[in-house]
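Please read the structure below before turning to the comments.
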């Protein structure tokens, strides 16, 4: 059987070691004679899963004690509404950094609840999209918080700087880059991330929130999105997505076994450099993002002759290189190379790209 590598932007590839373990214990989890999917979320066995997964995540990200970790439903789109309704308080404005598709989607949702101060930080020089340095962002004085998306999956644009905005509350959508490298949690008020890219399977959403921000929710906010309600109930206000939570916990253990986030940073940089090197080598392929803002997680690329796209994708699929079609908004190709993608998968892709260019260039 051909080795398959899944380059999907999400739901994305999971570590093979995690899948093997889940397969082994699927029908008889911890000797109970049932699957983890079938046991009560309030059972002592699942409570152990919840406690261990939070501890492992705190260890990986070095989450300070004054932050709550919430395991939620709804994906990042639910958080687009939850953030303003939890954090605005008596204010009517927040700073929203517009750096791409997902940042703009958060802005559109926030407009239902407040008047966002939209700050476009994109640059366009010589056909390349980039992001202004954070020191140039024109933040307002009266904003309840500053919201931005560090990694745009569709455009392949990354903001690699860590925020340093004094006492401003910083909110970040880390859905596509969480756990890919170390970050300083103390610089943020809220971090949220859909699980289906770099954490685990779809259905789980991670929220990390500083404790002093709890208890300010709008009265019309549904309880299931209220950070304080979720924190007070240890993410068990209603039945959580238990299987996704369990699998994410296995991913956290796998990450620790691999050497933690410093090791993942090295691996992710090596994978990205290999792929961008193949794209830049001759001009047959091209990436339209400024080098300083190229994403390590999502690498879009095009060919000068777009008529070859369908052939490229068909031949790649036949070689076991799956889900390389670009987002419908951007077209072209896109390789998502999250933590679970081994460098062997990127090498297989770059070898195929070189061979395709040799035959069609």
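Sequential numbering from 1, following the chain as shown.
Even glycines carry a Cβ here, placed using N, Cα and C.
These come from Swiss-Prot:
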type	residues	note
BINDING	42	L-glutamate binding site
BINDING	76, 77, 102, 153, 173, 196, 238, 239	pyridoxal 5'-phosphate binding site
MOD_RES	197	N6-(pyridoxal phosphate)lysine
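With the fewest other C-beta atoms within 10 Å around its C-beta, 42 stands out among the recorded positions 42, 77, 197. Other Cβ atoms within 10 Å of the Cβ of residue 238 (pyridoxal 5'-phosphate binding site) number 11 in total over all chains. Under DSSP, residue 238 (pyridoxal 5'-phosphate binding site) is assigned to coil, being neither helix nor strand in the three-state scheme. Put simply, the two farthest-apart Cα atoms among 76, 77, 102, 153, 173, 196, 238, 239, the recorded binders of pyridoxal 5'-phosphate, are 31 Å from each other. Residue environment of residue 239 (pyridoxal 5'-phosphate binding site) contains 10 other Cβ atoms, counted within 10 Å of its Cβ in all protein chains. Between the alpha carbons (Cα) of residue 153 (pyridoxal 5'-phosphate binding site) and the residue listed as 'N6-(pyridoxal phosphate)lysine' lies a span of roughly 10 Å.
Cβ neighbour count for residue 102 (pyridoxal 5'-phosphate binding site) (all protein chains, 10 Å cutoff from its Cβ): 20. Taking the Cα atom of each, residue 42 (L-glutamate binding site) and residue 197 (N6-(pyridoxal phosphate)lysine) are about 27 angstrom apart. There are 26 other Cβ atoms within 10 Å of the Cβ belonging to residue 173 (pyridoxal 5'-phosphate binding site).
Under the DSSP three-state reduction, residue 77 (pyridoxal 5'-phosphate binding site) is assigned to helix. Counting every protein chain shown, 24 other Cβ atoms lie within 10 Å of the Cβ of residue 76 (pyridoxal 5'-phosphate binding site). Across the structure, residue 102 (pyridoxal 5'-phosphate binding site) and residue 197 (N6-(pyridoxal phosphate)lysine) are spaced 14 Å apart at their Cα atoms.
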